[in-house]
Amino acid sequence: MFDFSIVTKWFDELLRVTCGLSNFWAVLIECVVVGLAILLAYALLAIVLIFMERKVCAYFQCRIGPVRVGWWGTLQVLADVLKMLIKEIFAVDKADKLLYYLAPFLVIIASVGTFSFLPWNKGAHILDFNVGIFLVTAISSIGVVGVFIAGWGSNNKYSVLSAMRGAVQMISYELSLGVCLISAVILTQTMQISGIVEAQTGPWQWLIVQGHIPAILAFLVFCIAGNAEANRGPFDLAEAESELTAGYHTEYSGMGFGFYYLAEYLNLFVVAGIATTVFLGGWAPLNIGLDGFDAIMNYIPGLVWFLGKTFAVVFLLMWIKWTFPRLRIDQILKLEWKYLMPLSLVILVLMTVCVAFGWTIHY
Amino acid sequence: MARLIMFAVLAVIILASAVFCVSTKRIMRAATALLFVLFGVAGLYFLLDYTFLGAAQISIYAGGITMMYIFAIQLVSKRTLQGLSERWLGKRTFLAAFIALVGFGTVILVLLKNEVLRHTVVNGDSLSNEVTMETIGRNLMTADKYGYVLPFEFISVFLLACIIGGLVILNNKKKEESK
């Protein structure tokens, strides 16, 4: 297994010993480099995800999607990005300008904040706090405020309506999301993201196998709630283009809208990434207990495993989005409060019982 | 050094947002400024290595309390809370100044007595005294010395009572409406 901490240690040595920098400057340079790497990965993944969404959507609707710009339409998204960057940014008359300009940043901060918690490889955790998974849910709740302020600041009744819907939906689904994560924490005995992944290395150690029935249920509930949390799939009522004319970001143009667009796709990726980390083993390779097979699997770097699993979950979520019809707002809230929330509490109890009696699967 | 710089940045954010929060006339802007004050305080907790407290601060205040304020603002009409202003020159100014001075004095006293700033902010660059989740969880759930299981249970019962009370009030209103 390739350990990325070799690279980070080498870089640290390079700054401290070879260049002879003090602790302060070394840490500062490292922070800037890591920050740039996060933002670069964020932008690149957004482009990949938007292209993937277009193609997946097209094939589900028996079309072929974008094919004109570049080979097989590969340059289409780059052209869109360019268009978005050179659009004029203007504010609506009588809008609350301060909140109007602030809101996209809150949404993007929440998105980048949760994004930087993902474990990319062994030794390549960017933010790895003791309270990791709890902090992820905390930071993702900043996005709700951003969505609401956007609707309010736009001075548009459709936007306010959509912002209300979005906020109610996101707050509701955060609950079952959190409870599912807690049931995973019971199994791994740690909240630290690196610890959670570490607990899943080895043959048949992914949580979804280790925790069998409750873990599988928790994974399914997590995917549904995550889809709703990212305002996607059958739950994209907040932006309901046919009745609310795109909802809380109706009045945004240029990069203001671009931020929402980016955050939507990256929230999808983050939800899939957290589901992968917590239930499908993060960067942990597939080991089945046969030495030869495990050795071959361990040669594949963790980054490939992580991205492969995450994109598989992303594909699953896109499949759901383009297959199911959109729910009404009362149906969305009913689904959460009457079905998912009790179900996730039952899962929590079931998982606690399983762990307490030692009914987990250990190879 | 790094901690001192971060402390200065956070202090400026907290103070500026707090002043903006009480001086702005638009209620929604005030709520947003309050959010930034709470973020700044969470940042201070992270600076002191109280990561659990910081995460709880972000999750409860940013995700919970501020959203509740915003929803409460939505429930009243748009005009009632807009453009409210208050004359601040008058008798009450003296009282306010006195309370502010008492608060300031207390903070200064605590700072001088405990030398918190020098220990954790100035000298504490390499020091990491993060309290692990396990310790916090154990303390919350034990009945031994330094165990907090009784207050923990009290709070849960209290919250349950609040939820049931809210439902009862809502139910009465619905019955009246249907009559």
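Positions of Cβ are set from backbone N, Cα and C atoms, glycine also.
TrEMBL annotations:
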TRANSMEM  A:24-51  transmembrane segment
TRANSMEM  A:98-120  transmembrane segment
TRANSMEM  A:132-154  transmembrane segment
TRANSMEM  A:175-197  transmembrane segment
TRANSMEM  A:203-225  transmembrane segment
TRANSMEM  A:265-284  transmembrane segment
TRANSMEM  A:296-319  transmembrane segment
TRANSMEM  A:339-361  transmembrane segment
Contact between the transmembrane segment (A:98-120) and the transmembrane segment (A:265-284) (at least 3 Cβ pairs under 8 Å, separation 6+): yes
Residues from the same chain, set at least six apart from the ends of the transmembrane segment (A:175-197), whose C-beta lies under 8 A from its own: 117-119, 125, 128-134, 136-137, 207, 210-211, 214-215, 218-219, 221-222, 225-226, 229, 274, 277-279, 281-284, 336, 340-341, 343-345, 347-348, 351-352, 355, 360
For the transmembrane segment (A:296-319), sequence-distant contacts whose Cβ falls under 8 Å of one of its Cβ atoms, 6 or more beyond its ends: 1-2, 4, 49, 52-53, 56-57, 60, 118-122, 124, 223, 226-227, 232-233, 268-269, 271-273, 275-276, 280-287
CB contact flag for the transmembrane segment (A:203-225) and the transmembrane segment (A:265-284), at least three pairs under 8 A: yes
Other parts of the chain folded back onto the transmembrane segment (A:265-284), taken as Cβ under 8 Å at six or more residues beyond its ends: 42, 45-46, 49-50, 53, 111-112, 114-115, 117-122, 133, 136, 140, 143, 181, 184, 193, 196-197, 200-202, 205-208, 215, 218-219, 222-223, 226-227, 229-232, 302-303, 305-306, 309-311, 313-314, 317
Same-chain residue ranges lying at least 6 outside the transmembrane segment (A:24-51) that approach it to Cβ under 8 Å: 11-12, 15-16, 73-74, 76-78, 80-81, 111-112, 115-116, 126, 261-262, 265-266, 268-269, 314
